Amino acid sequence: MMGQCDSRFSSRGHLTRTTIIIMPSTLKLNAVAFISPQNHPILIRTFSKQDENTIKYHYIAHTSLDIIEERANMTGKLGDCYLGLLYSMEDVAVYGYITPLKVKIVLALALSDAVVKDVEVIMLFKAMHMAYYSAISNPFLRLESSMDSSIDQSPHILVGSPKWKNFRKRVDEIARTLGTS
Amino acid sequence: MNSYPPELLAQLAPVMFVAGLEGPPKAPQESETGAAQAQLDPFQILSIRLREALVSQRKVAVWQPDKSKTFQVVLVDKEVRFPPRKLVPPDDPQYTNSHSPLSPLTPSSPLYPDGLIAPIWIRKHTTLIPSVFVMFMRIFEYPPHVLRSPLEGHDSDKDRLEEERKRDSELASDIAQRKKGTNERGVKLTVVLMASRRLLDDPALDSRLTYIRRQSGLDSRAALFVLSPVSTAELHDFVRSLQQALYEPALEYYTVHSKRVRRKRNRHSQATASYPNPAVQLANPNISRPLRPEGWTVRYEYKMACFAEFRGEDEVALKHYQDAYATLTIMFGSTAILPPRTKRWAEAKVLADCINIKIVKLYLYNNEHALALSHHNTHIRQFGDFSRGWGIGEETYEFWSWIARQYRVLAEMIDQGTRSGLVIPVHQPTASSTGAAPAPRPAGLPDLDFARTLGINPSHALQHSGFYYYMAAKCTDMRRARFQAALEAENNNNPIALSPGFQNEKKVDHLSLLYTKAYELFKKYAATPALANQTTSRLTLWIATRIAETHYEAGKFDVAVRFFERIAKTYRKEGWHALLKPLLSTWYSCAQRMGDVELSIKLLIEMMGQEDLAESEEPNGLEEDLLALFQSTVPSSTEAALTFDLAGARPIFETDAVFWKAEVNVEEPAAFQLPITAPTRTVISSVPFSSLEIHISHISNPVIVRHSAEAQEESTPSTSVSRVDLGIINLEDGLQLEIAANLRWKPGSVVLFTGALVSRKPVTLSIKKVIFNIEQNSWKVQVPVEPRPPVLGSTSEPRWLRSQDPPRFIAVKRPDHATTVVKPRPHLFNVSVIHHEPGFLDEDYPIVIEVVNHDDRDLEVMADVLLQPTDIDYAINTISVNGETSTGLIKDIPFGVLAPGVHASKTLHLASGGSGGDRLLDISISANTPQSEETSGESSDEDEDEPASPVQIDKTVYQETLTVPTIAPFAVDSAVMYARTRGEWQGLASLDTFAEDYFDERKGTEALVNIKLDCTGPWGVYIENITLDATVCYTSLPPAIIIDLEGKSAPEIRIMDSSVDLPDGNLFPAEYLAGDELNLSCRVNIGVRDDGKSEEYLFPSPGRYTVSWRRILRDGSHGSLSKTTVSLPALNPPGDTLVALFDIPPTATLHVPVSMTVTIRNYHPTRSANVTVQMEPEVTDGFIVAGLRSGRVPVLLPGGEERLEWTLIPLECGYQSIPRIRILDRRKAIPGVPATTEEVPVDGSTGEPVKLIDLRRDERRLIQADGQGEEGEATIRLLESGSNFGGVLVVPS
């Protein structure tokens, strides 16, 4: 499982934070959501100022699953990870991404009257995917998780729990880098 | 959309007035249509149909993108009058200076003095003035009369013509009248004359039509049609062609208008330089604000846009609309031009909104979604900005009302559009933009497409109307919130800038459900195949939440609750507790308002479980609410406890059962721990838990833990983990276990129940559920909690407390830590399988299975043996035990009940047939405890259900696979020699030879069969007896022989004697050890049927030896009797044709005569032989020969023999060679001249020598020659040893 992720990344070049810094970007990231293959929330992180809107991004993440599932089913196995614009609503444009292991990443970008380049969004997604991937690779996560019958589910969920700060830190860093560039 | 004047929104199409289709007098038609229809004349029917066809073809609608040259048809009276162009009549001198009644320059106009454009102007062009005028009229037809006589014809024709001419003139003048009116307005007039079919065929019709046209002054083109009553289908064709013909004039009409307006605009824009126009100001001295030039521009552009739209020129219309819109925004930009909150301002705002809708629509017609949405967004932004300037910014409900309306109109339009062909794009990236760098752009790709490949502007991505409805609903929500705030402010006598619309706003029902519309649409669009299997999509759930919230606001709590129930299910299932939390609190409020105490309690309990989501401001709030509820209310029924049954809800406590071992034996205690962890952020320390029921599988009575105050006081644990020991619980005891413990949890504290379960039966142990009982006043609430329910988000690992202070845990990594399996104790027994391999074929091979009971219980032992099938040819293997024989499986071989320490054995016999190889045996031995009387007697009721459950089968199974290599006891080698018979042949004519059962052995061959048995095996063999059976084993014969045997033409074989039958030489019984050899020989006589085919026969095996033997066991004793059959080989005697057999005694005495015979035999079945014999004694021979020197043997017929005899007197002692005899077959020498055989001199000098065989040495073997032949084949060569002549040993007398 890990090997698969690994090869994917190594074959696509280095998708580290530095890549983001180089990219001049107009994107404003409002929130990012990581959702497990079983559609449970892993981590939902909001970056907009008003904190009372957090719940809104939970809703957005949850509703995005519909379209993600639809698109993923449509393209089948050959489909790309990047699912494009899922929908735009109110003041956000929602983009979707599905990793080969069916972890879904949802980005809520502030809606602006400008063309959002797919390349940039993909960059951002890949950085997020990388963050998730390196967080999930933490061997100590497995210590905590029960080796339950629901095989690999627990580490997915665990990685987003407040106890494991690394993942949040990475995600926040990506958001910050995006904001400053 | 309804909030805007429909005229400003509707799609415009050329207008056609249709007159002359008035129906018959209404009364009968409406009352009884069916009956009246029959009485209507064809023309009335025609006009009714025409009306339907014309009116129904086009509906006035906002979304109508198709350009099929259809008119908007307005049915009018023939005498309809157009509205006056100007107020003053044309003959008035003021006419040129005056303006249209709708012009802002006309004082009586509603737009006077500074209005922009009014819906009435559109209405004028859609309902009052047509672009074409179609008049349906009847042409006069002289009543068809029957010619009574040819004489009448002339007169009547004349009358008719006159009458027609008169009527036609009238008609023409009517038309001319009408024509005058239409000409004034530049409207095309078309007349459709309705005539009967008869008239159409009338040759006079053309001239009449020409007359009418000339008289009436109609145009020459497309102005006069004739229509007769036709079917509906043809009528539609007519309508279509009529419109085709008139479309051009209609366009011209609108073009003329456009040109006129453009002229005016140009004139006006030139005049603006001198603006303000003093003349106008002078003319209207009272009016301070006449329409500003920008206003005129808007007016003219709008008009031109409308006319373009009439013409169906969407692009032109779009351009003009955009210009109008742009100028309008300029006007709005200045409060001087358009003072806010005036009538003109409001009108202009409506106009701007409507133009926006038109622009968006026209873009969408062209599938330019991005431009459409872009315009829409710009509109909202721009006017949002304006609104702030006007003091109706985001804080006002007006603002949100307006935005909501914009979204709603957009949604409605997209909705309409999608119903008639608008396709919502899917915003999935098409090109698989995999790499970080975009794929190089193909050269010829247009820029637009290229932009798309880069990405899209999300705000320009068209989505289905549900999204826009949602936006509208959301804005309506905002509007309501603002309104509520305003209302509150008013109630507090502190009104915030009372706006004029406030009173109106109070009347609005703010809670009308726009969300519902969005919900429906989302549901509809979610019904794609991919999601069809899901009952509800998550998008709709979100909206449903909003609907529920709105219901809640509206006070429809029961409806809201129903929504909440449904929504909560999915959120619980998928573990979105963040979403669940606000939902629950609203739900709880609903329940409170509804006064549903039970639901409130349940929701409070569920909310207590929702603890992991950070900031709960009042950690005690829930608890207090719950206690207050208990205090203030009384349950509906006091007997039944209220059960917390919200399926899938996250429980208050996190419970987890952990068993230390995955498996235990029967009667071995299975230690478990049951930690119950309280939420960390919600305080539940004063929730009155009265008791706790721990339900354990296979125990009917739960373990009850009662709350006790004493326990509460004494155990003020220093750590957050407190332990309650339940002790050892015996499953079969059936005792009610009750324990007192402290059942008050501090935040995050853990109460750990420990204990051990003992089962006497094999079962799977688990803790089914824990029921928390809350009791207060008369309330009883049960909260069942399953240990570690499959709810997501419970992330704590299973762990085992090993030290309480400080608490230390060991992680339990077993996946099934919550269960343990009780296994029956294994039965101890030993199995040994004894046998001495290899086994021999045909042997009764004993395998001893010995079982020893090492257990302290009695064991009932059974064995199953399976002999696996082999792939060895002709191998028929069997096993047998206890007299039962099988080629496969023998089941349930009883060993009986073994007492401890006792051993039992069974001998299994394996018999292997066929050839050697490994034989495989699967032996499985199972042991179980026999059902003793005491257990069955003690719990007879339990025994009854025992056999049903397979778990109860308490059995230990031992399995072994046995390989028995099997070899043949003897290696068999056989050798066969053939010799010619010596006896005298029967005479050819002997009658005996014709007997049915005649066996002419002398003509046949004698075979000596020698069989060598080589004891190869490691074991010695004790041979008791060997017998030779002369039975022919038919089954081993090739089929051809069998047929021959049945046909009684086969050779006959007779075993003459055998070494085993020697009366004195009986060797058996005897022991043969490995490496010993034993030869068996026998003589076989092969007779030949006199059918001439003997050479073709393969002689079957004449018999077989049966060897009865016993294996010599290790201890020297003999095993059981086995019989091995050794078949004699099949015989293949070589054939002969003509042969001379020479016989002489091997020894002779000096000077004593001996006789020497030569028998010449003709074996040939058909040919006779002509043979000469010459004795050629030489001086050196040691014999004197008496007898035939040279002579001819009488012709030998087939099957005949001739015997010649000589007498020899030995002259010398020693080994003497026989005198030479030459026997020639003359027939072969001269095959070409058989007739002259007689004449050939009997000198014996010609012919072929006949083979002379020394009978004493006659022995022929078939020898497998090494492959020296050309093809390297192994051939069978005949080795004839009789052709070497032996001598005679002469001894002295």
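Backbone N, Cα and C atoms are what each Cβ position is placed from, and that goes for glycine too.
Record features (TrEMBL):
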- B:85-108: region 'Disordered' (REGION)
- B:98-108: compositional bias 'Low complexity' (COMPBIAS)
- B:151-180: region 'Disordered' (REGION)
- B:151-170: compositional bias 'Basic and acidic residues' (COMPBIAS)
- B:344-493: domain 'Trafficking protein particle complex subunit 11' (DOMAIN)
- B:505-609: domain 'Trafficking protein particle complex subunit 11' (DOMAIN)
- B:655-872: domain 'Gryzun putative trafficking through Golgi' (DOMAIN)
- B:929-950: region 'Disordered' (REGION)
- B:935-947: compositional bias 'Acidic residues' (COMPBIAS)
- B:1178-1223: domain 'Trafficking protein particle complex subunit 11 C-terminal' (DOMAIN)
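Note on the region 'Disordered' (B:151-180): residues 78, 133, 135, 137, 139-140, 142, 145, 189, 191, 204, 208, 211-218 of its chain, located 6 or more positions outside it, place their CB under 8 angstroms from a CB of the stretch. Sequence-distant neighbours of the region 'Disordered' (B:85-108) (same chain, 6+ residues past either end, Cβ-Cβ under 8 Å): 114-115, 118, 120-121, 124, 184-185, 280, 284, 290-291, 295, 299. Each residue of the domain 'Trafficking protein particle complex subunit 11' (B:344-493) gets a DSSP state, and the totals for helix, strand and coil are 104 helix, 2 strand, 44 coil. Residue counts for the domain 'Trafficking protein particle complex subunit 11 C-terminal' (B:1178-1223) under DSSP, helix first, then strand, then coil, are 0 helix, 25 strand, 21 coil. Helix, strand and coil counts from DSSP across the compositional bias 'Low complexity' (B:98-108) read 0 helix, 0 strand, 11 coil.
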